[in-house]
Amino acid sequence: MKKYYNLRLFGDKISFLVNRKALITFLLLAAASAGVFVISTGTGEMKISPLKVVQVFFGGGSDMDRLIIQSFRLPRIIVALMVGMALAAAGGILQGIIRNPLASPDIIGITGGASVAVVGFLAFFSDKNNALTVSINWMPLAAFAGAAILAFLVYFLAYKDGVSPIRLVLIGIGLASLMKALTTLMMVFGPIYQASQANIWITGTVYGSNWDKVAMLVPWTLMFLVMAFILARNVNIQELGDDIAMGVGSTVQKYRFLLLMVSTALIGGAVAFGGGIGFVGLMAPHMARRMVGSAFGALLPASALIGGILVMAADLIGRTLFSPLEIPAGVFTASIGAPYFIYLLFKTRNA
Amino acid sequence: MTAGQAIATKDLTLSYGDTIIINELDLEIPKGEITVFIGGNGCGKSTLLRSIARLLKPKSGAVLLEGEAVAKLSTKDVARKMAILPQSPSAPEGLTVLQLVKQGRYPYQTWLKQWSTEDELKVRNALKATGMEELKDRTVDSLSGGQRQRAWIAMTLAQDTDTILLDEPTTYLDMTHQIEILDLLFELNEKEKRTIVMVLHDLNLACRYAHNIVAIKDQKVFAQGKPEHVINCGLVKNVFGMECEVTIDPLFGTPLCIPYGKGRCILKGQGL
């Protein structure tokens, strides 16, 4: 069987080289995401069969099933899916533009900026009884602002006739450590209740998702995911190094800035509603690379789906395994992802 | 054979910070020939090549590509006329040869048009010219040094430019692969009349393959011309600070430089 086929429409105006294996893998991943989505929706205090879940999706099912699914479970699972996709796609972009497989939203400090903002938010807007003086609905905004400010700071400090990948990552690591220190400092000085509240956020959880959040997160994430996919070929070229990228006529600095903004927007949205879920942004792109190869046109969508699956699965385990106790999803992203990741590395070690 | 110049520099001054590397250089590089820059370490030959490829902004002066100032052309337009292969490039893990070579088509692509019939044709030709057809689905990191360099050259060929710049394309290759790469470039020049400009460290190989040698010293061009005309003991002494004998390559009749030095005489406590 041929490895590639040519997709050409309107006399080459739309033309892509499609890697057959990557396409099949992508479709399988999409099916797996849908599967996890349905299973997760049906699992909880009240079990609902996958068939009934699908019926509810298409407007059928009993009133009880509809209530549980639509009011309690769906928003949370949709948020988990979006958060996972956003973090994984952003991680992939960062690894590409920084040209380092260790790059991820947490490493270059963007998540750290959000953490500081959230801990600060809890500290400044709490009264003596640990009750918030403003609505908790402002917390996502604080997280988003923290992420965005930090990304700009990294870019600004790394700037010297444009930004080089190495400056970007070093400044990022420096700021990430600083943010970590600030977060710890504020948690130590604040009351213990706040610290534990903040800790749950930092670990990352999609607990407390509702349709309002879905309505904000879904369009935001999808919009920037589409942008990321459009920009994929520019990540490809940046991965070959600045000299090659400039040699083939790419405006490297412009696209680096754009790509950094797109990944920041994705991360900002994700941490705003999912907290500091770690490891997904680092691991999902690597898993995708093992499955579909290094071309970003295939890697980014595959990575996004893997991220979605990881966070949905982590949340599913978190809310069912020790039920009625809720464990933040962030605890499990690593514990379910890492073994599979190591398995993939092991399996492809000679490839 | 010269049909005008492919590249020229006018009053070109290059610097890193305050350190001047190349000073007010006027240079003409003939079209359709192989030009090789030679010079000692740190003489600025790579810097000059990078600046011609617009990877480094000149402090003052200009680089002209087919008579037009490179700085005034859009970077994509330049990329359709001139390709550069920098020194020891690296590809990300898992990238296949085909995926790499395809990147050479970047200046012709848009986000919806990423694999036109012409793209396919040029990529296929590039793979064929470099003998990489059989290896196109292998990952770049799994190739030998020589194959890897051929893959990168294929990428610059896919760019379909009249001029190709290469910065030390034979570095880190063993002798067999050095010859293989240079033969390939020579053949491309012969068959397709592409202008090739490269930096080489090996003076003898430079003499064997170049039509035109540019020796760089003290921020200036020290000498330029056919290897037979410019390479002699005096030049080598001046440019490299090395005593040598220049004789004739028994195979190709080009100049062959044999350096002095102590060699085995060190043991006897005497040198040549």
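Positions of Cβ are set from backbone N, Cα and C atoms, glycine also.
Taken from TrEMBL as is:
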TRANSMEM  A:22-42  transmembrane segment
TRANSMEM  A:74-95  transmembrane segment
TRANSMEM  A:107-126  transmembrane segment
TRANSMEM  A:138-158  transmembrane segment
TRANSMEM  A:170-193  transmembrane segment
TRANSMEM  A:214-235  transmembrane segment
TRANSMEM  A:255-284  transmembrane segment
TRANSMEM  A:296-317  transmembrane segment
TRANSMEM  A:329-346  transmembrane segment
(message) Need a quick answer: max count of Cβ pairs under 8 Å to the transmembrane segment (A:22-42), which of A:74-95, A:138-158, A:214-235, A:255-284, A:296-317 is it?
(response) A:296-317
(message) Cβ under 8 Å, sequence separation of at least 6 from the ends of the transmembrane segment (A:296-317): give me the contacting residues as numbers and ranges.
(response) 16, 19, 22-23, 25-26, 29-30, 32-33, 36-37, 39-40, 43, 76-77, 80-89, 91-93, 96, 205-206, 225, 228-229, 232-233, 235-236, 239, 274, 277, 280-281, 283-285, 287-289, 327, 329-333, 336-337
(request) May I ask which of the stretches A:74-95, A:138-158, A:170-193, A:255-284 has the most CB pairs under 8 A with the transmembrane segment (A:214-235)? (result) A:255-284
(request) Could you tell me what the rest of the chain brings near the transmembrane segment (A:74-95), counting residues at least six beyond its ends with Cβ under 8 Å? (result) 33, 37, 40-41, 101-105, 108, 206-207, 209-211, 213-214, 217-218, 221, 224-225, 228, 231, 235, 259, 262-264, 266-267, 269-270, 273-274, 277, 280-285, 288, 296, 299-300, 303-312, 314-315, 329
(request) With a Cβ cut-off under 8 Å, give me the same-chain residues at least six positions beyond the ends of the transmembrane segment (A:170-193) that come close to it. (result) 106-110, 112-113, 115-116, 119-120, 122-123, 126, 130, 150, 153-154, 157-158, 199, 202
